[in-house]
Amino acid sequence: MTARIFAIFWLTLALVLMLVLMLPKLDSRQMTELLESEQRQGIMIEQHVEAELANDPPNDLMWWRRLFRAIDKWAPPGQRLLLVTSEGRVIGAERNEMQIIRNFIGQADNADHPQKKRYGRLEMVGPFSVRDGEDNYQLYLIRPASTSQSDFINLLFDRPLLLLIVTMLVSAPLLLWLAWSLAKPARKLKNAADEVAQGNLRQHPELEAGPQEFLAAGASFNQMVTALERMMTSQQRLLSDISHELRTPLTRLQLGTALLRRRSGESKELERIETEAHRLDSMINDLLVMSRNQAKNALVSETVKANQLWNEVLDNAAFEAEQMGKSFTVEYPPGPWPLYGNPNALESALENIVRNALRYSHTKISVSFSVDKDGITVNVDDDGPGVSPEDREQIFRPFYRTDEARDRESGGTGLGLAIVETAIQQHRGWVKADDSPLGGLRLTIWLPLYKRT
């Protein structure tokens with residue numbers, strides 16, 4: 001690819017330079033040298049005219065008539081001869097030709113190097129030197145141009161800017177092909193990178209075809225994806241294995257606590273042990289949920305309507321809020337908007353952020369839904385302590401806790417929002433945290449609408 005770019009660049013540059021340098025020389029309206037045949041013809045005419053004048057004695061009263069007779073006699077068919085005296089008088093010219101004749105005489109006045117030049121449909125040739133005793137005349141030939149140069153070509157030569165534009169248009173296909181050959185594999189690489197950024201770790205064999213440099217980059221990209229996929233799989237397996245292994249000692253701990261209560265009765269120590277065991281059990285459950293969600297293949301997707309998916313979650317949250325003495329309002333309920341995904345994962349995502357609001361709010365929780373042509377937006381607001389701007393991106397990390405008002409007594413396992421982010425990203429959506437109009441935290445979920453293709 002590097003060699004191709006280099007070659008195309010220099011080829012284009014060479015073509016442009018060649019056009020700029022050579023085109024003016026191809027203008028038939030420029031002074032050009034005579035062909036050998038034209039040179040011989042001119043010398044022959046010159047000799048015939050000299051001989052004719054030598055055979056025709058001069059007449060002082062009508063000296064020009066003998067000049068007319070000579071040039072009329074020896075003019076080639078369809079052409080005319082002109083004689084220019086040493087005083088600059090032109091013999092044999094028509095009035096409407098005087099301007100071009102004077103222009104040509106001003107440029108071609110050396111009989112040792114006769115030239116030719118086009119003027120529209122006419123062409124002038126000369127000069128050739130004719131001796132008439134002590135007088136010397138310049139002999140010129142005026143004839144029809146063999147092929148008239150088109151007005152468009154004349155316009156090109158007369159307008160350098162237009163010539164530059166035409167040159168650019170001529171070179172444009174080559175440059176467009178070069179740009180396309182570079183942009184196509186680069187676009188494929190970008191699309192593949194976007195898929196990886198969205199969590200879709202799959203191989204892209206099409207990246208390993210094309211120019212050598214992009215082929216190598218595509219192979220490296222696929223190797224990176226393979227390594228990431230292997231690492232993610234190992235991490236998920238480790239997380240799942242640890243969670244399952246913790247189940248056995250946790251079950252034994254809960255069983256031992258129950259036996260100890262039977263023997264010794266209730267105590268603060270036993271109550272604390274049961275509380276921590278229950279929290280550990282919840283944490284293990286959350287770890288297993290997150291591990292399953294991160295394994296994309298485990299998510300069985302289907303088409304579901306938003307109101308059918310989330311109405312039960314909202315009803316349960318309203319009931320729990322009433323029991324807690326808090327206000328729970330749904331300002332704009334969900335409609336029958338189509339979503340495509342795993343119902344359990346999507347239901348769990350909304351449930352987690354609603355429970356988060358119930359846990360940290362003082363008295364108010366508000367939920368609103370909106371839809372546009374692209375997707376569904378869900379806002380969950382509370383009037384709790386909120387989260388500082390520097391912590392808003394971090395709260396979606398597993399086990400991350402803010403310093404203020406987020407201790408273990410009120411903060412759950414620290415995995416709820418991580419589960420939310422994983423589930424939403426699995427469905428090509430996003431979740432973010434912001435300030436709430438109620439004074440606390442606003443959690444926003446966006447999910448794309450399902451569109452049949």
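Glycine is no exception: its Cβ is also placed from the backbone N, Cα and C atoms.
Here the structure is a predicted model, which means the values were calculated and not measured.
Under 8 Å, Cβ to Cβ, and six or more positions away along its own chain, H244 (active site, nucleophile) finds L288. Per Swiss-Prot, the feature active site, nucleophile maps to H244.
Annotation comment: Swiss-Prot describes 244-247, 355-360, D382, 401-402, 412-417 as ATP binding site. In this structure, Y360 (ATP binding site) is part of a helix by DSSP.
Residues or ranges marked as domain 'HAMP' by Swiss-Prot on the basis of sequence analysis: 180-233.
Summarising the annotation, Swiss-Prot assigns domain 'Histidine kinase' to 241-451 and lists sequence analysis as the type of evidence.
In the three-state DSSP scheme, H244 (active site, nucleophile) is classed as helix. Among the features that Swiss-Prot reports, phosphohistidine is placed at H244.
For 26-159, the entry in Swiss-Prot reads topological domain 'Periplasmic'.
The transmembrane segment feature in Swiss-Prot is assigned to 5-25 (among others); the stated evidence is sequence analysis.
Summarising the annotation, Swiss-Prot assigns transmembrane segment to 160-180 (among others) and lists sequence analysis as the type of evidence.
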Next item on the list: Please list, for the domain 'HAMP' (180-233), how many residues fall into helix, strand and coil according to DSSP.
Entry: 44 helix, 0 strand, 10 coil
Next item on the list: Taking helix as H, G and I and strand as E and B in DSSP, count the residues of the topological domain 'Periplasmic' (26-159) in helix, strand and coil.
Entry: 54 helix, 35 strand, 45 coil
Next item on the list: Enumerate same-chain residues with a sequence separation of six or more from L417 (ATP binding site) and a Cβ-Cβ distance below 8 A; give 'none' if the list is empty.
Entry: N352, I353, N356, I395, F396, V431, L443
Note to self: Quick check on the binding-site residues: of R247, A357, Y360, whose CB has the lowest count of neighbouring CB atoms inside 10 Å?
What the structure shows: R247
